[in-house]
Every structure is written in C-alpha cells, then in structure tokens.
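Swiss-Prot has this to say about the protein:
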| type | residues | note |
| --- | --- | --- |
| BINDING | D73, N75, D77, T79, E84 | Ca(2+) 1 binding site |
| BINDING | D109, D111, N113, Y115, E120 | Ca(2+) 2 binding site |
| BINDING | D157, N159, D161, K163, E168 | Ca(2+) 3 binding site |
| DOMAIN | 41-58 | domain 'EF-hand 1' |
| DOMAIN | 60-95 | domain 'EF-hand 2' |
| DOMAIN | 96-131 | domain 'EF-hand 3' |
| DOMAIN | 144-179 | domain 'EF-hand 4' |
| LIPID | G2 | N-myristoyl glycine |
Amino acid sequence: MGKQNSKLRPEVLQDLREHTEFTDHELQEWYKGFLKDCPTGHLTVDEFKKIYANFFPYGDASKFAEHVFRTFDTNSDGTIDFREFIIALSVTSRGKLEQKLKWAFSMYDLDGNGYISRSEMLEIVQAIYKMVSSVMKMPEDESTPEKRTDKIFRQMDTNNDGKLSLEEFIKGAKSDPSIVRLLQCDPSSASQF
C-alpha cells in the first residue's frame, strides 16, 4: 500500500525544486522518510511535539515545538503536509541568513501583526528556556527569560516603540551575531534557527 505513493509526482518535484534548496534525490529521500513517519501524509501538532522531544531529551520542548509547528503550518489547517515541512526545513537548514531571520521573525510574531511585542518575545524565550536551560549555563545578564528578552529589546528596538519590526529584527541580528545566539539559545550558533 505505501509503495504507490512513495515517489513524488514530477510536477510536485518541480514545484519543490523551485521552492527549496534540495536536490531531486534529497527531496525523494525526505518524502520517503516523511511518509514512513506520517503515513497519512500530514503531521499533527501532537505528532510533531513527540518528534521534537527526541531532539531535546533533557528539557520540555513541547511549547517551543508548538511555535515551530505554527510557523511550519503556513496554511493554518492544523497539520503540516510534506510541502510545508520540506520548504520550512530548506529555509532553516540551507537558507540564507536573511531567509532564516524572516522565518524566525514569523515564529516570534505570534499574532501575525508584523511586529514582535515584548510579550511575544518573552513567550518564545520562555519556551526556549524550558527546552534547554537544564543543559545550558546562561550568563548572568541572560539568567532568566525576562533578562534575555530585555537584552534583545535593548539591542534591537532602535526606535524604542516597545515592538520589533522585521527591519529592526533583521538589522539587529545582522549587526550583532550575539543577537542570533540570543535568539537561538545556542552558543555554537548555526544549527537550530
């Protein structure tokens, strides 16, 4: 039964080639793996949280996974299909810095109004701390989610209006690599964003 759908149709492959940084072979391999883990072709938030928890065994990744799921689920239907999954994976793993920052911005912008408020930033940072704080030693000025959020806003909110625009977010991250580390909660950078 699973055999009949284990290859992407040519028109789907072409669409994904145009919207990702993956080769045809990589797309086919990812698709096979996706169908193996998600035989229905759709991933629910609970399934996604279980998968995400495997990557963060020493913390509670469920809240952060919900935010990542929401950002992957671009059509807001409550599931992630292969196209949504592979496009987001391409951006987060192979995208240029600006693409990654736009993706991260959309995750932090919880209400989708085009700005990140302090409370939105705090909610994401709290979720990150729940996920990794048991295995990461934080500097004193970042020892709580509130301190980290304040630090990010001090550095990024250049017009002091209490919210971050996409432009402030990208400019702040590009001008100071430590901001990217603050956002990622990953001192070695690169991997998670």
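Backbone N, Cα and C define each Cβ position, glycine as well.
Overlay of Swiss-Prot feature records on the structure.
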residue	record	contacts (Cβ under 8 Å, 6+ apart)
D73	Ca(2+) 1 binding site	T79, I80, E84
N75	Ca(2+) 1 binding site	E84
D109	Ca(2+) 2 binding site	Y115, I116, E120
D111	Ca(2+) 2 binding site	E120
N159	Ca(2+) 3 binding site	E168
D161	Ca(2+) 3 binding site	none
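Each of the binding-site residues T79, N113 was assessed for Cβ neighbours inside 10 Å, and the highest tally belongs to T79.
Separating the Cα atoms of D157 (Ca(2+) 3 binding site) and N113 (Ca(2+) 2 binding site) is a whole-number distance of 16 Å. Mean model confidence of the domain 'EF-hand 2' (60-95) amounts to 93 (pLDDT, 0 to 100 scale). Every protein chain shown contributes to the tally, and the Cβ of E168 (Ca(2+) 3 binding site) ends up with 20 other Cβ atoms within 10 Å. For the domain 'EF-hand 3' (96-131), the list of distant contacts is 56, 59-61, 63-64, 66-68, 70-71, 88, 144-146, 148-149, 152-153, 162-166, 169-170, 173-174, 183, 185, 193: same-chain residues at least six beyond its ends, Cβ to Cβ under 8 Å.
Note: the Ca(2+) 1 site is recorded as D73, N75, D77, T79, E84; in the same chain, H42, F72, T74, S76, G78, I80, D81 also have Cβ atoms within 8 Å of that site's Cβ centroid.
A distance of 28 Å separates the Cα atom of K163 (Ca(2+) 3 binding site) from that of D77 (Ca(2+) 1 binding site). Taking only the Cα positions, the spacing between N113 (Ca(2+) 2 binding site) and D77 (Ca(2+) 1 binding site) is 19 angstrom. K163 (Ca(2+) 3 binding site) falls within a strand segment according to DSSP. Using a 10 Å radius centred on the Cβ of E84 (Ca(2+) 1 binding site) and all shown protein chains, the other Cβ atoms total 19. Taken residue by residue with DSSP, E84 (Ca(2+) 1 binding site) is part of a helix.
Taking DSSP states H, G and I as helix and E and B as strand, the domain 'EF-hand 3' (96-131) has 26 helix, 3 strand, 7 coil. Counting every protein chain shown, the Cβ of Y115 (Ca(2+) 2 binding site) has 18 other Cβ atoms within 10 Å. Sequence-distant neighbours of D77 (Ca(2+) 1 binding site) (same chain, 6+ residues apart, CB-CB distance under 8 A): none.
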